[in-house]
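Quick look at what Swiss-Prot annotates:
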- 1-55: region 'Disordered' (REGION)
- Met1: N-acetylmethionine (MOD_RES)
- 1-17: compositional bias 'Low complexity' (COMPBIAS)
- Ser47: phosphoserine (MOD_RES)
- Ser53: phosphoserine (MOD_RES)
- 94-165: domain 'GRAM' (DOMAIN)
- 230-605: domain 'Myotubularin phosphatase' (DOMAIN)
- Cys442: active site, phosphocysteine intermediate (ACT_SITE)
- Ser443, Gly445, Trp446, Asp447, Arg448: phosphate binding site (BINDING)
- 612-669: region 'Required for dimerization' (REGION)
- 644-669: region 'Disordered' (REGION)
- 649-661: compositional bias 'Low complexity' (COMPBIAS)
Amino acid sequence: MDRPVAAAAAASAASCEGAGGPGPGPGASWRPSRVAGGASASSRHPSIETLDSPTGSHVEWCKQLIAATISSQISGSVTSENVSRDYKALRDGNKLAQMEEAPLFPGESIKAIVKDVIYICPFMGAVSGTLTVTDFKMYFKNVERDPHFVLDVPLGVISRVEKIGAQSHGDNSCGIEIVCKDMRNLRLAYKQEEQRKLGIFENLNKHAFPLSNGQVLFAFNYKEKFPVNGWKVYDPVSEYKRQGLPNESWKISKINSNYEFCDTYPAIIVVPTSVKDDDLSKVAAFRAKGRVPVLSWIHPESQATITRCSQPLVGPNDKRCKEDEKYLQTIMDANAQSHKLTIFDARQNSVADTNKAKGGGYENESAYPNAELIFLEIHNIHVMRESLRKLKEIVYPSIDESHWLSNVDGTHWLEYIRVLLAGAVRIADKIESGKTSVVIHCSDGWDRTSQLTSLAMLMLDSYYRTIKGFEALIEKEWISFGHRFALRVGHGDDNHADADRSPIFLQFIDCVWQMTRQFPSAFEFNELFLITILDHLYSCLFGTFLCNCEQQRIKEDVYTNTISLWSYINSQLDEFSNPFFVNYENHVLYPVASMSHLELWVNYYVRWNPRMRPQMPIHQNLKELLAIKAELQKRVEDLQREMATRTISSSSERGSSPTHSATPVHTSV
């Protein structure tokens, strides 16, 4: 690889936090704030700069993974002296074997090693090297290039593995194509005798899809130690207490403590105080999957609430349930500042009508007095899956520059992001400006409903715009309320054509990224934080996104036998911090949901193309800015102390003269 291409290929995915003005950005409104409510062991992961050492840090490995390059472990900083030394060592077979060896996580084991494998890189051509398959990753390395070339792919990102012809590499060759969930495809070619001897295809299939082969996901074998326990990030009782709950209108209920009331809901829910358990059970019978309206968020002043649920089972004959009607009336009455209730149905009206014919449906306004029903016209999971497929086609491996804008438009991806953001803005505005309580549902209440509640809460509550607040938001609105991560992502499952797969959570994170672009100083986290979350949505390294609901996680011992992603992130917060962050606790954000204000997230969707990445990792520049900021703040504090000391000294010298206190120096850095 020539030097310019190597430099481009080694560039990290950027952290694109723009420098904001004095406020968090356009479209923000003010209201009083609500007060918020908590030595990593070294692993065996060397960076390329430390090839002589058998050890390295987990943090460095993950940074390289997240940096997201087609040759993500290429080291552009190896000196000529080191290169010369390493190339001399190539004559030593033991040294070469050591250099080619894949670094392992605690608990990770090698399953196959294959020499003379060719990686057919769409940007640099064929690269020959050694392929190592472990129970966590596929690791390809070429040590003969300057600098060394490494392709490190967690098996969890693999959607399917297919055999392909490799005639161009010799009649005695065979090949495989690896289709990934993170917007890339990989092609490998190797000798047929290696396939017969080592079963490369079979090994990849077996360990990329452990659940389909009677094995456990690697997260249950991962033994890294972190100084922070990420499982403690979210405690439902503490979070509801932060919101001022329980109160006279709302109670914390443990009716679902054994998951018998609703198996896809969390053990702890918040419901109206006056509602009896018997009536709640009747409401559950009238709601799909028993997902009754429960509180997600309450306004600190107006007491307007966001409640979430599933569709009512009215059916084609407009069936009614007096307990459900009374229940929604109780939700409305809990807000003394409004005599209205707005029901946001995330679905398209036509789709809701189809669901009604099949036994589902939506609230008839004649049966729910003072309730307004609004359809947000968001497409279903199948449309979103197809949209992402089209997007992948235009961004990988090559980009048609002459038709870029029209090709992006043809995927409808940004249009669906716009509709989702627009719906969340309507919800936030109804709560903040209209002081009206809202009920949100789609069909089952775990896809579009989670998108809308979490985005609206992000706009309304500045706590969720902090790192730990955002983690709590994901734990609460997505994980505990039963978004079906296992089905939507397909963890460890070889059924790549499963109709349940859909990029619902990816869309949510994309919407958050769009908000960070419009309000660059309103979020404590940076772009790397969001990319890290998405990378580990697929990786199966952590237990955070495993299973479909809280009950399943308890049954599978996820909380005791796996590590939380937040343990990793919260052990190195400076890596994921936005240096421009200002904690505007009293601001509500209203992002502009217009195509003119939205853009394709190139640093995520197109990060595998070395020609589309910045030459220098922006998140590294932001880290340096944070260090400079801290240094300047320390200097200001030192100067303030010095001025205070001089003032005291001057006052003492004047003796009986009137004392004058120094005016504090308030400096924003």
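Note: Cβ is positioned from N, Cα and C throughout, glycine not excepted.
Taking the centroid of the Cβ atoms of Ser443, Gly445, Trp446, Asp447, Arg448 as the phosphate site, the other same-chain residues with Cβ within 8 Å of it are Ser310, Ala346, His441, Cys442, Asp444, Thr449, Ser450. DSSP gives Arg448 (phosphate binding site) a helix state. For the recorded site, Ser443 (phosphate binding site), the DSSP three-state label reads coil. Separating the Cα atoms of Cys442 (active site, phosphocysteine intermediate) and Arg448 (phosphate binding site) is a whole-number distance of 6 Å. In sequence order, Ala346, Arg347, Leu376, Ile378, Leu420, Cys442, Ile504 make up the list of same-chain residues 6 or more apart from Arg448 (phosphate binding site) whose Cβ falls under 8 Å from its Cβ. Counting every protein chain shown, the number of other Cβ atoms lying within 10 Å of the Cβ of Asp447 (phosphate binding site) is 23. Taken residue by residue, the domain 'GRAM' (94-165) breaks down under DSSP into 10 helix, 42 strand, 20 coil. Counting Cβ atoms from all protein chains shown, Trp446 (phosphate binding site) has 25 others lying within 10 Å of its own Cβ. Cβ contacts within 10 Å of Gly445 (phosphate binding site), excluding its own Cβ and spanning all protein chains shown: 28.
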